[in-house]
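According to TrEMBL:
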DOMAIN    19-284  domain 'THH1/TOM1/TOM3'
TRANSMEM  35-56  transmembrane segment
TRANSMEM  77-96  transmembrane segment
TRANSMEM  108-129  transmembrane segment
TRANSMEM  141-163  transmembrane segment
TRANSMEM  175-197  transmembrane segment
TRANSMEM  218-239  transmembrane segment
TRANSMEM  255-273  transmembrane segment
């Protein structure tokens with residue numbers, strides 16, 4: 001009997017020790033500062049890279065307006081810059097007396113991240129529709145409408161939480177973030193997959209075919225994985241307080257979550273799509289310049305997979 005008790009206590013002691021270590025880490029101000037300042041530095045680095053790339057693109061093709069590529073890099077700069085500031089002041093953010101202010105500071109950059117990367121889905125949808133001789137005039141309207149509805153709903157949730165701090169509404173807010181992330185996951189799966197298989201049907205000797213297959217396929221996979229992780233973790237946090245992302249004493253969870261769902265995907269996508277657009281002849285600047293971010297130039301009869309760096313003007 002004593003042997004059984006002894007073996008039971010010895011087997012449970014490592015688990016208890018690990019649990020105690022995990023609690024010590026979560027409650028340690030040093031670990032909290034280390035995790036959140038690391039996130040702030042990483043976001044600041046990605047934001048700086050996006051800004052530098054935006055400046056390089058502008059210097060390369062100053063004659064163009066706000067192209068898809070420029071908007072994409074600008075939004076990356078804003079999203080990552082806001083995250084860097086928020087996590088730089090993490091103590092003040094997580095300890096705000098009014099809970100809704102904390103939720104706004106943590107959730108708004110996530111919505112901006114959605115808008116930034118769904119811009120890729122929009123462009124891929126335009127390219128795919130052009131290749132299939134389908135109408136493209138309503139795609140941008142759909143993009144604006146979807147984003148507008150999402151922000152209006154989220155603002156209404158924040159306003160209600162500011163008036164009445166209701167746990168049920170907070171749960172609805174998290175489920176809403178899950179739905180938004182699933183929409184992005186679905187968009188990348190559908191149009192990233194369609195464009196990938198469209199490129200695969202090109203002759204092997206087509207110029208740039210293999211490189212564009214790699215770019216479209218890799219960006220699609222990265223974005224699908226990051227939004228899938230976001231769906232799973234936010235869904236779990238909605239029902240399990242031990243997985244909550246809005247508290248100061250979960251630094252390691254927050255570190256891995258934001259690294260896997262925003263920092264690494266942003267860094268990888270910016271690296272994959274780092275190619276600058278080709279210089280244009282000033283005499284041809286009035287012609288329609290269609291190059292995608294990680295996509296291809298399409299028309300009814302032909303698609304040239306060599307064009308990828310994204311120059312569609314936003315007027």
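Using the three backbone atoms N, Cα and C, a Cβ is placed for every residue, glycine included.
35-56 is the stretch from 35-56, 77-96, 108-129, 141-163, 175-197 with the greatest number of Cβ pairs below 8 Å to the transmembrane segment (255-273). Simply put, out of 35-56, 77-96, 175-197, 218-239, 175-197 has the most Cβ pairs sitting under 8 Å from the transmembrane segment (141-163).
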